[in-house]
Each structure stands twice: as structure tokens, then as C-alpha cells.
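Asks: What Swiss-Prot records for H79, H239, D243 is Zn(2+) binding site, and it gives sequence analysis as the kind of evidence. Per Swiss-Prot, active site, proton donor is recorded for H266, and the stated evidence type is sequence analysis.
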Amino acid sequence: MIRQRTLKQLVHATGVGLHSGRKVSLTFRPAPVNTGIVYVRTDLQPEVELRADAQFVRDTVLCTALVNEQGVRISTVEHLSAALASLGIDNLYVEVDAPEVPVMDGSAHPFIYLLQSGGIEEQSLPKQFIRIKKKIRVEDGDKWAEFAPYRRGFRMDLQIDFRHPVFDKQNQHLVFDFSGSKFAKEISRARTFGFMKDIEYLHSQNLALGGSLDNAVVLDDYRVLNEEGLRYEDEFVKHKLLDAIGDLYMCNHSILGQFTAYKTGHAINNKLLRALLADAEAWEMVTFEEEAAKSPIAYFGTKLVLA
């Protein structure tokens, strides 16, 4: 049987908020079966819980933010969400003492390491997957994204289109058959990126106050400004794919199907996920309860193998 997963023990870390620039404390706590991923604002009295849910994604400007009906928010959840997807973690309490998850190094890599350090616990009930049954597509001008049936796990086909000298030298198209180990080794270290020309405006809007060359790839009009350069030759499209994995895991379940997108971002990813969940004929919930069943997605293991 393919079982639900949580952590074996509590994990604590600190980091900087991407938009606030403030220190943020982060704690992962194991959760019972069928809890889902629950974010908790511990700086509020009483504490406020926000369950990872496509319907609670109410802000997608520069990040994915969960916002409840009272306006309480937790921002920048997408990189952590991608790490959770790669490890197949179904149930977890994520506690933060600020309105956002710390950005760490701008990728999913530190979150994978932290989660692994807590150990992965397989639980008593079967893991539930969302299987795509028919094509669903959303568009916004020339940008679009779609789901389609695919019987061999989760395939992603993503293309970006940035006009810039650095991007012109890169492959801006990526096809990726999702597995946890491949994600950890080939995708997870891809960092968020931005342009110097936008930073002054962002700061005027109280955004990206914690952004730096330590947690983002920054470009001027001609080149990458980070001394160490890029982590992957195609780091930009890989980060967009990382974002999409995190955004789509807002349904609290791994998806079995094909995701294809052109110039997508947080808003379109969420729009597609909402469109899917709103159409009961487009998907079904499946489990693999046979004793010898193999998971259609190979999740990253529990050994600390990341360098």
C-alpha cells in the first residue's frame, strides 16, 4: 500500500522573509493522517491556521500567498510546497511567526534538507492522488496552462519567453518527468530571479525588502550579477518549473497527469488548479492499496544525500 506521509519529529529553523526583510522562525510539526498541509501563524493571538488550499490562494503577486477571509496571510509558500511535493509529505503543521515563510536561499533545496532531517514517517492510511481524466486549459492573453491525462506519473512541459541577453543563450523549454529524487538533484537548487530595474519599484511597494544576491539571481540589462553565476545552465526555466510544482501542490495531493504551460506564473498555475477542481468530471481521487502496489511517483527518500 502507498501510504500517507508526515515527519517523524519536529524541525526548527530560521531565515529571512523575502518581502519583509525580517527574521522568521519556522517550525515543522508532524500531523495525523488526513490533516493535509496546515500553515500556522504563531505570532497572532489566538494562533491562526491556514490550510493549503487552491481556494485560499488569494494573492499571486511575486509569490503564492494563502489568505483567509479575515485577511490573515502567509506568503511565499511555493518553494516549501515544492519540497513537500518532492518528499510526498501529505500531513504537516508549518508554523511561522511572521506573515511569510522564510526565503532561505531562494530555492527549494534548504527545505528538502530540513524536512529530511526530521525523518519521513509513513502513516496508517493510503495516500490519495488526483488523476486527470480530461483536458483542462486556462489562458491569459498569450500565456496559458493545461492539464491532460497521462498514465505514467506526472509529466511537466514548460516554456518561458524572456527577452534578455542571458536568456537568449539559454534553453527556455523544459520537459520533466517528476520524481522526488530527480527534482532534488536537477531542479530543487534553482533560485528565484529578478531584474535590477524592478527593484526600486518593488521596494517602494514594501516588496522584496529581504531580497539579495544570497537568495536570488539578479540580472541587469546584460548579465547575471551574482559572482558565482548560475547553478544550472537553464536555472531560470527550472525555477519556473519549481514554482509550478509548489503551486499545484496547493491541492494537498500529488497529481497524476500531464501539465503543459507557456509563460505561466503563480496566477495562471492557481487558475488552472481551481478550474480542475471545479470540474468533477475532469479528475478522480485514486489510491494504491494493494500490498504489492508501487507508487506512480517515486518520492525522494529519507537519507540525507544532498550536498
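From the backbone N, Cα and C atoms, a Cβ is placed for every residue, glycine too.
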Asks: In the structure shown, which of the recorded positions H79, H239, H266 has the fewest Cβ neighbours within 10 Å?
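Replies: With the recorded positions H79, H239, H266, fewest surrounding Cβ atoms within 10 Å: H266.
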Asks: Measure from the CA atom of H266 (active site, proton donor) to the CA atom of H239 (Zn(2+) binding site) and give the result in Å, rounded to a whole number.
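Replies: With the alpha carbons as reference points, the distance is 12 Å.
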Asks: For H79 (Zn(2+) binding site), what is the secondary structure by DSSP, using just helix, strand and coil?
Replies: helix
Asks: Taking 8 Å from the centroid of the Cβ atoms of H79, H239, D243 as the cut-off, which other residues in that chain fall inside it around the Zn(2+) site?
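Replies: Neighbours within 8 Å of the Cβ centroid, excluding H79, H239, D243: E78, A82, G106, S107, A108, A190, R191, T192, K240, L241, L242, G246.
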Asks: Specify the count of other C-beta atoms within 10 Å of the C-beta of D243 (Zn(2+) binding site).
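Replies: Here the count is 24.
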Asks: How many Å separate the Cα atoms of H79 (Zn(2+) binding site) and H266 (active site, proton donor)?
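Replies: Their Cα atoms are separated by 12 Å.
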Asks: Do you know offhand how many angstrom separate H266 (active site, proton donor) and D243 (Zn(2+) binding site) by C-alpha?
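Replies: Given the Cα positions, H266 (active site, proton donor) is 7 Å from D243 (Zn(2+) binding site).
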